[in-house]
Amino acid sequence: METNKSLHRPSSTNGQWQRGSYRYQCERRKRRRRKPWSEKICDWTRTLIAFLFSNVGVVCLVVGYTIVGAFLFTYIEAKDSLDISGDVVKQRNITAAKLWDLTSKENIFSERLWKKEVRNILERYQQKMVKNIRDGYEVVTEEHKKWTFAGAFLYSLTVITTIGYGNICPKTKWGKLCTIIYAIIGMPLFLLYLSQIGDIFARSFKWIYARCCLCKCHKKPRDPINLEVLKLRTETKVQRNQWQHVGETKTSNVYEDINVIEMNNINGKASMNNKVNDGNSSCDYDPQQVTVPLTLCLSIMVGYVIAGALLFSKWEDWNMLDGSYFCFVSLSTIGFGDIVPGDRIYSGQGLELSFIFCFMYLMLGMALIAMCFNLMQEEVIAKVHSLARMIKYIFRCDR
């Protein structure tokens with residue numbers, strides 16, 4: 001009985017309870033509860049940073065940073081632009097009132113003196129107008145103002161993407177200072193977005209290309225493969241179930257009912273094993289070792305520009321040339337700013353939708369451009385390596 005009681009009683013060694021006992025679990029819970037706030041804050045900070053630098057986190061960070069910039073620039077610039085516009089209207093009304101007073105109250109019978117007074121009034125008005133224009137005056141009303149949330153959102157995007165259309169720009173000192181700081185932080189963030197999202201798109205597209213294009217293209221009937229096998233048999237004079245060493249190449253096995261052909265791609269990376277057992281051939285491509293042709297990458301970029309041109313031509317009432325010109329200039333980050341969305345749409349809802357659609361088009365398009373450049377770089381490197389191997393093989397054969 002004493003032995004059985006000792007089995008059920010949690011023993012302790014040097015005042016410490018055994019692992020797995022009830023007291024041990026309670027002590028562990030107490031230790032967890034006693035975790036100081038500083039350590040908890042550090043753990044939460046590490047978790048937050050890990051999420052922000054993940055793929056989803058980077059996208060959320062870019063979108064959130066652009067939204068914050070939109071609110072910031074709207075707050076700084078919108079009120080100032082309306083203040084300048086109101087000051088211009090006020091000066092115009094004052095000038096008109098002075099001219100009326102001069103005409104109605106002053107008894108000026110001399111035409112020369114009247115013209116002199118009018119000229120002085122108009123010159124003062126012109127000087128104030130020039131000052132307002134230098135301060136950034138534009139014909140702005142509540143209905144047609146540019147610094148709406150959507151306009152500031154597009155402006156924030158053009159800052160961090162280095163497109164910089166120039167159709168809308170800050171006029172105040174605080175706006176210019178915030179633009180500098182905003183660009184210093186936002187440009188590296190957007191480059192991180194392009195790097196991560198472009199890499200994801202590239203890996204996904206290589207997988208789709210390997211599964212859909214290469215496998216279907218190389219799934220041929222049995223007869224051509226058998227002819228190739230017979231040709232290899234005739235040239236190399238390989239008999240059944242026999243090993244033979246050919247030059248400096250590795251030995252190959254030829255079985256009676258399974259013939260294996262290993263075909264190396266020209267870039268030396270992708271390989272396919274065709275096992276002829278019946279009428280079907282298998283696909284053994286490693287998607288990460290496949291390179292995408294340059295022509296396909298160029299076709300994707302051209303197709304995206306044309307698709308954007310079609311959509312913008314319908315949305316903004318542009319022709320196809322203007323739409324293609326705008327899409328190319330935007331995606332290449334040239335950004336002249338002579339053609340921008342929203343110039344011909346002055347209804348509030350239409351302008352907002354136009355800017356938001358432009359934001360989505362640019363975000364996706366620049367990620368696709370990064371993907372295509374990544375794939376084209378891999379293809380060019382593979383071609384150079386293949387050319388170097390061919391030259392090395394030619395010199396080796398000459399010896």
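Keep in mind that glycine also has a Cβ here, set from the backbone N, Cα and C atoms.
Keep in mind that TrEMBL annotations are predicted by a computer and have not been checked by a curator.
According to TrEMBL, the protein carries these features:
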TRANSMEM  48-76  transmembrane segment
DOMAIN    143-201  domain 'Potassium channel'
TRANSMEM  147-165  transmembrane segment
TRANSMEM  177-195  transmembrane segment
TRANSMEM  290-312  transmembrane segment
DOMAIN    300-379  domain 'Potassium channel'
TRANSMEM  324-341  transmembrane segment
TRANSMEM  353-376  transmembrane segment
Winner by Cβ pairs under 8 Å against the transmembrane segment (147-165), considering only 48-76, 177-195, 290-312: 48-76
Segment proximity, the transmembrane segment (324-341) to the transmembrane segment (290-312), 3 or more C-beta pairs under 8 Å: yes
Dominant neighbour of the transmembrane segment (177-195) in 48-76, 324-341, 353-376, by Cβ pairs under 8 Å: 48-76
Beyond the flanks of the transmembrane segment (324-341) by at least 6 residues, Cβ under 8 Å: 154, 158, 161-167, 304-306, 308-309, 312, 315-316, 318, 354-355, 357-358, 361-362, 365-366, 369
Helix, strand and coil residues within the domain 'Potassium channel' (143-201) as assigned by DSSP: 41 helix, 0 strand, 18 coil
Average pLDDT across the domain 'Potassium channel' (300-379), rounded to a whole number: 86
For the domain 'Potassium channel' (300-379), the number of residues DSSP places in helix, strand and coil: 61 helix, 0 strand, 19 coil
